[in-house]
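Here is what TrEMBL records for this protein:
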type	residues	note
DOMAIN	1-110	domain 'NADH:ubiquinone oxidoreductase chain 4 N-terminal'
SIGNAL	1-17	signal peptide
TRANSMEM	62-81	transmembrane segment
TRANSMEM	93-111	transmembrane segment
DOMAIN	113-403	domain 'NADH:quinone oxidoreductase/Mrp antiporter transmembrane'
TRANSMEM	117-134	transmembrane segment
TRANSMEM	146-168	transmembrane segment
TRANSMEM	195-217	transmembrane segment
TRANSMEM	229-248	transmembrane segment
TRANSMEM	260-279	transmembrane segment
TRANSMEM	286-304	transmembrane segment
TRANSMEM	310-331	transmembrane segment
TRANSMEM	352-370	transmembrane segment
TRANSMEM	390-415	transmembrane segment
TRANSMEM	436-459	transmembrane segment
Amino acid sequence: MLMVLTPTLMLVPTIWATPAKWLWPSALLHSLLIALASFTWFKNTAETGWAFLTPHMATDPLSSPLLVLTCWLLPLMILASQNHLSSEPLNRQRMYITLLTSLQIFLIMAFGATEMIMFYVMFEATLIPTLFLITRWGNQAERLNAGTYFLFYTLAGSLPLLVALLILQNNTGTLSLLTLPFSNPLLLLTCSDKMWWAGCLLAFLVKMPLYGVHLWLPKAHVEAPIAGSMILAAVLLKLGGYGMMRMLIMLESLTNELSYPFIIFALWGVIMTGSICLRQTDLKSLIAYSSVSHMGLVVGGILIQTPWGFTGALILMIAHGLTSSALFCLANTNYERTHTRTMVLARGLQMALPLMTAWWFIAALANLALPPLPNLMGELMIISSLLNWSWWTLALTGAGTLITAAYSLYMFIMTQRGPLPMHMITLDPSHSREHLLIALHLLPLILLILKPELVWGWAA
């Protein structure tokens, strides 16, 4: 673990000591080396158990794909942010990269934690850099409102979790993930036990977000700068799914009855947010709502507690992380040229930037789960495990996948096809930096087709 964590910590003084000319190249190279070093976490010598154990941290087949995704995203965020920060003063550029690095440190410690309280502290700590990114580097005045929504939704959800963890510590005497699965099963019979169950999962359901407590997400995404949107869509939402998978081991007996309303909300949310996507005019808002829709499937897959559901949820989380991050990057390349997020005002870009259209096409197809991409593997595993649980879910998941395909194609056709508007006179050509950025998102996704067992998690 320290092999990746120490270089990430040392990246902070490197950023502040580097001369202005070499700031972005050195930060990019350093973070890319860290990302390549993190691939060693895939080598799990134990078939099912923990690897890379240190006193406070470890990886297992569930956390290692998420850890690698976290490390992979930092160089991509640095690549994506280079253009729109070039006009800022040098110290603010340094501060921005430092915030991104601190976010990676907190996320590595959250996904690697073997102790629930450490996970909780790091889960909360990721709020601070993200809030700074949204409220300081956002695009317009609405960003303060978005930051407030983001902060209060997440805090209101996660305070009950702290109380729930302290109660668990009181009852079992430990919060270590290594020993909790082997502690005596809890007898959860009273009404207060049901409240405790809800407290344990509420924070994660808000973070996912579950339909109904999702209003902070579109606001935060639309107002955040490109790096904020990327890390939010790709990794911060996955903290919720990861936390739910870890906590459900202790909540076994109650989940069978109490999970019904949450599964229904999640699957209804797939249809509702998909329908909202179909009438969106704002490109970033459309991609943000599509994240809520995909995460609804993940919540359903986790809450029915079958090995297939868990595996599908993990595959879909990784695939969605890469896909939605790529879509946000593509939306940002459009925004930097046209200075608008409204799709009607930035149509027909295939005529101007044909190679970008190829990237848009691949990303849109990945978003609608084209076979044989991992997105489809995850969705099929979740849908089949839900179908096994109840026949009625097929109506919801089937309609959900249909709507997903519809809004993905709507997004592609609106941004790329049709005549170029008359008000677009000078468009910058696409840069190698942008092509590299999208390629580094979509190549891992395509390569995962060849070796999906890397992200299968526990059921491998």
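Backbone N, Cα and C define each Cβ position, glycine as well.
Mean pLDDT for the domain 'NADH:ubiquinone oxidoreductase chain 4 N-terminal' (1-110) in the predicted structure: 93. Taking H, G and I as helix, E and B as strand and the rest as coil, DSSP gives the domain 'NADH:ubiquinone oxidoreductase chain 4 N-terminal' (1-110) the counts 79 helix, 3 strand, 28 coil.
The transmembrane segment (229-248) makes contact with the transmembrane segment (117-134), as judged by at least three Cβ pairs under 8 Å among residues 6 or more apart in sequence.
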